[in-house]
Structures are given as structure tokens and as C-alpha cells.
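Feature annotations, reproduced from TrEMBL:
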- Thr9, Thr10, Asn11, Pro12, Lys13, Lys14, Phe156, Gly157, Tyr158, Asp159, Lys179, His184, Arg185: substrate binding site (BINDING)
- Glu44, Asp73: Mg(2+) binding site (BINDING)
- Asp73: active site, proton acceptor (ACT_SITE)
Amino acid sequence: MNRELLVATTNPKKGREMLQILGSYCPELTLLTLNDVEPMPIVEEAGETFYENAHLKAVSAAKHTGRIAIADDGGLVIDALNGAPGVHSHRFLGVDASFDEKMDKILELMRHVPDAERTCRFQCVVVVATPDGQEFVSEGVCEGLVAYEKRGHYGFGYDPIFYLPQLQRHMAELTPDEKHRISHRGMALQGVIPILRSLFRLDERER
């Protein structure tokens, strides 16, 4: 059977991370991104939850390309900011603002918040959609604290201000392999690996 899985993103950094994780668990699959297939309508991430946005992207990609598609949505949820930036993590301060600007603003807003109240988490929801309308969902959460400064050069997004107390390191100080093992996206993708292996019949012996 066709073993092409469409990773429904045009974000190069997110796409690279998803391809690395999926490829490590399902090396038998041919992994494509939206840049590899015929043009399709742009999906506005207008949902009010991470699930809604991931659902919109995965279902649209599966419908328009006739391929099994996987999409995710996620972000940084900060308790002291009432859950912000949350589902608006990418659009915080506007889509034209850089992540350095977004992080600087968060550090400014959090400058007087004590250690005990700097709790936050990265959340990610992954949706796998098939052309015939099946849908599978997985969620990953990584708990941490908002740091007092940016550190590290790995990763992307808000990784430099996300502090992991159990490791005493910022997320951006972890190598890709280290990050994939504990990150919200890594955990959410691990949750759908059995589904993907079943959908693509990867564990069936060749007849």
C-alpha cells in the first residue's frame, strides 16, 4: 500500500522537528510536507483550542490530497498570565513579531513574578486524519517554569525561556534528541505511532 504520510505544515522548523520524530519511529514511511504536494487552500488557524487548529489542518490536508495526514498545534501556557499566550502563541504580539520580541515581552510581564508562581507548560495536540474521515488524537504536555532570561541555541519558538527544573536546563539547551524524548510534541507524536503503524500496516509481514 501507499506509505506516504503528509505532515500538514509549511513551518520549516516545526516540520523538521516532526519529520525527525516520526522518522525515528516509522522509518518505513515516506514523509511529505505541504511543500512537497500540490497546492491546497490555506487553512486559517481560527480555532479556540489547540485541538481545533490541529483538526482543521489535518482534515483539510487529508481531504484535498487524498493522503493520510498528520497535523499539530501547540503553544506555551503560562499560569501567571491566565494561560497566555496559549492558543495564540504564534500570533502573540502579531504574526510579524519575532520570537525574540515575544519572549522579551513575556520576560517583561513576568519580571516581578516569584519563582513559585512562574509555572507554565508546553502543550501540543496531534491529529491524524484519513481521506475516508477517520480521526485520531493525541496530546502531550511538558511542565516547566518561565525563566528569567533566554538561554540556549537549540530548538525554536519559546524554548529559550522555558526552564526544566528536573534537568536544571532551558529547553533550548537540549540537543534535538534530548528534547524529543521529553517535549510536548515528542510525547504527542509518540501517542499516535501505534495508530500510524496500524493504518499503514507496517507490522504486517510481506506476503
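Heads up, the Cβ atoms here are built off N, Cα and C, so glycines get one too.
Feature map: TrEMBL annotations on the structure.
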residue: Thr9; record: substrate binding site; DSSP (3 states): coil
residue: Glu44; record: Mg(2+) binding site; DSSP (3 states): coil
residue: Asp73; record: Mg(2+) binding site; DSSP (3 states): strand
residue: Phe156; record: substrate binding site; DSSP (3 states): coil
residue: Lys179; record: substrate binding site; DSSP (3 states): helix
residue: Arg185; record: substrate binding site; DSSP (3 states): helix
Fewest other Cβ within 10 angstroms of its own Cβ, chosen from the binding-site residues Phe156, Tyr158: Phe156
Spatial separation of Tyr158 (substrate binding site) from Asp73 (Mg(2+) binding site) - C-alpha basis, Å: 14
C-alpha spacing of Glu44 (Mg(2+) binding site) relative to Thr9 (substrate binding site), in angstrom: 12
Lowest local Cβ density (other Cβ within 10 Å) among binding-site residues: Thr9, Asn11: Asn11
Cα-to-Cα gap, Arg185 (substrate binding site) vs Glu44 (Mg(2+) binding site), nearest whole Å: 21
Residue among binding-site residues Lys13, Lys179, Arg185 with least C-beta crowding, 10 angstrom cut-off: Lys13
Diameter of the substrate binding set by C-alpha atoms, the set being Thr9, Thr10, Asn11, Pro12, Lys13, Lys14, Phe156, Gly157, Tyr158, Asp159, Lys179, His184, Arg185, in angstrom: 21
Fewest-neighbour residue among binding-site residues, criterion Cβ within 10 Å, set Glu44, Asp73: Glu44
Between Lys179 (substrate binding site) and Glu44 (Mg(2+) binding site), the C-alpha gap once rounded to whole angstrom: 28
Closest of Asn11, Lys13, Phe156, Tyr158 to Glu44 (Mg(2+) binding site), Cα positions, binding-site residues only: Asn11
